[in-house]
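Chemist: I am attaching a structure below and will ask some questions about it afterwards.
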Amino acid sequence: MAQSKKELGVAPPDGGWGWMIVAGCFLVTVCTRAVTRCISIFFVEFQLHFARDYSGTAWIHSLVDCTTMLCAPLGSLIGNRLSCRIAIILGGFLASTGLVLSSFATSLEYLYLTLGVLTGIGFALCYTPAIAMVGKYFCERKALAYGIAMSGSGIGTFVLAPAVQLLIEHYSWRGALLVLGGFVSNLCVCGALMRPITLKEEQLSSALSVDAEHSYKTKQKDLSSTPAQFLSKDHGHRCFCFQSVQEYHFLLMPDFMVLAVSFLFLAYGCSVPFVYLVPYALNVGVSHQQAAFLMSILGVIEIVGNITFGWLTDRRCLKKYRNICYLLAVGLEGLCCLFIPILKSFPLLVPFAVLYGYFDGAYVALIPVVTSDVVGTTYLSSALGVVYFLHAIPYLVSPPIAGWLVDRTGTYTAAFLLSGLSLISSSLLLSAVAGIKRCRRRQSGTYTTSAEPKLQDWKNKQTNYYSASDQEPKLL
C-alpha cells in the first residue's frame, strides 16, 4: 500500500512553481518578522495605557521574538510529519487569533499570553516550514531565491512601520492590533501556495529507511515462539526510534555543532543595534524624526543586501565561496558595531545604518544556504528548526543585558562593543574551524566540499542498524 502511493522523486526545478514558493515565503517573512519588529511601535502606547515601567513593557517584544525561535523545531516537526502547507495554515490561524485577542487586552500579563506566546507560536509554525520549502525547490539559484524571500523582512518593516503608526493615530492601539490580526491571516493563503514536492534525495533516504525496517521485520518473523502483539509493539517502537534518529542525526555532526555555537554568538550580537540604535541616536542629540529615519534606512538597505548578496553568491565564480562570503558579512557587521560609540551625529550615523543594514541582509539570506550546505536538503527543515531555536535565548537576554550595561556605565559604549565582539567571535569561530579542517585535509590528501558524503556514511550505518544490533532480539 505504501509503494502504491509512492511518488516519483524529482530534482529541484530551480524555477516554475518555485517562484510562487518564493513569493509565499516573502509574504511569510513580511507577516512574521516585519510584524514582530513593528510591535515595538506599540511600546509607548502600552506603557502609557497600563502605566508600567520600561522593563515590564519590553518583555512583550522579547516574548514574541523568543517564542518564535524557541518553537521553531515544532514548526519543523509538523512540517515533516504532516506537511509544510498544514503547518503554515495552522500557524497563520494561531498568529491572527493572538493579535485579535490582544486588541481586547486588559493588562500586560494578558498581552504576554496572547501577543507574546500565542502569536509567537503561530509565527514559529509558519517561518521555518516556509524557508525550508524554498530550499526544496531551488538548488542552482538557491542563494538568489533566499535573498528575495528573506527581503520581506526589510520591505515589510519599511512599509508597515508608518502604516502601523497611522493606524494607531486613527484607531488607537486596539484598532491597530485588530487590523494587524486581519493582515496576518494572509499567512493561511501563503500556506496554500506551498505545493509539496518529493526530491530524489528524500526518496533515497526513504528507501534506505524502508530497507532497514524490512530487514528488522524479516528477523522478527523467524521468532515464531514470540507473541505477535509484543513483536508488533516492539517493531513500531523501533521504527519510530529509527525515523527519529534519521531525522535529527545531523545534531551529532561536528560541522553542525560548530555552526550551532556560532549562531549563539550571532544571535546575541545582531539584536542589540536594532533595539538601541534609536535610543542612542536620541541620546547624542539626533531628533526623533531623524532617529526614526535611521531605522527606515536599515530596513531599505537590508532589502538590497538580501537580493544583491544572494545574486552575487549564486554566480559561478563565487558559489564555492559562499561560506567565506557569509563569514565576511557577519564579521564586517560586527566591525560596524565597534564604531558606533564614536558616531555622535546624524550624518555619521547614516553611513553606519547603510553598512549595517546591508551586511545584516547579506548574512540573513545566507543562513539557510550555509545550513543546507552542512546538512543537505533532505534535513533542511529539521536543521532550520534547531538553528532558529538556538536564536531564542540570545534574543531574549541580549536586550536586558545591554540595558543593564547602559544603566551601570551611563553610556551605550559597552553595549555596542559587546554586540560587535559577539558578531566577530561568530565569524572567527567558523573561520578557525574551517582553517583547521583545510590543513588536515591537505595533510591526508583528501578534500570534501559537500555534506552529502557525510550524510551517506551515516545512512549506511543506519541501514545496518537492525541487521547488526538485532540478530538475536532479547525478550524481557
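From the backbone N, Cα and C atoms, a Cβ is placed for every residue, glycine too.
Relevant sequence annotations retrieved from TrEMBL are reproduced here:
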| type | residues | note |
| --- | --- | --- |
| TRANSMEM | 16-35 | transmembrane segment |
| DOMAIN | 17-437 | domain 'Major facilitator superfamily (MFS) profile' |
| TRANSMEM | 86-104 | transmembrane segment |
| TRANSMEM | 110-132 | transmembrane segment |
| TRANSMEM | 144-168 | transmembrane segment |
| TRANSMEM | 174-194 | transmembrane segment |
| TRANSMEM | 256-279 | transmembrane segment |
| TRANSMEM | 291-312 | transmembrane segment |
| TRANSMEM | 324-343 | transmembrane segment |
| TRANSMEM | 349-371 | transmembrane segment |
| TRANSMEM | 383-406 | transmembrane segment |
| TRANSMEM | 412-436 | transmembrane segment |
Chemist: Residues of the same chain, at least six outside the transmembrane segment (324-343), with any C-beta under 8 angstroms of its C-beta?
Modeler: 266, 269-270, 272-273, 277, 280, 305, 309, 312-313, 318, 349, 352, 355-356, 359-360, 362-363, 366-367, 369-370, 411-413, 416-417, 419-428, 430-431
Chemist: Taking the transmembrane segment (16-35) as reference, which of 110-132, 349-371, 383-406 has the most Cβ pairs under 8 angstroms?
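Modeler: It is 110-132 that shares the most Cβ pairs under 8 Å with the transmembrane segment (16-35).
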Chemist: Among 110-132, 174-194, 291-312, which stretch has the most Cβ pairs under 8 Å to the transmembrane segment (144-168)?
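Modeler: That would be 291-312.
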Chemist: Averaged over the domain 'Major facilitator superfamily (MFS) profile' (17-437), what pLDDT does the prediction give?
Modeler: 81
Chemist: With an 8 Å cut-off on Cβ pairs and a sequence gap of 6 or more, do the transmembrane segment (412-436) and the transmembrane segment (256-279) reach 3 or more such pairs?
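Modeler: These two stretches do touch.
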Chemist: Verify whether three or more Cβ pairs under 8 angstroms connect the transmembrane segment (174-194) with the transmembrane segment (86-104), leaving out any pair fewer than 6 apart in sequence.
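Modeler: Yes, these stretches are in contact.
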Chemist: Most CB pairs under 8 Å with the transmembrane segment (110-132): which of 256-279, 291-312, 383-406?
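Modeler: Per the Cβ under 8 Å count, 383-406.
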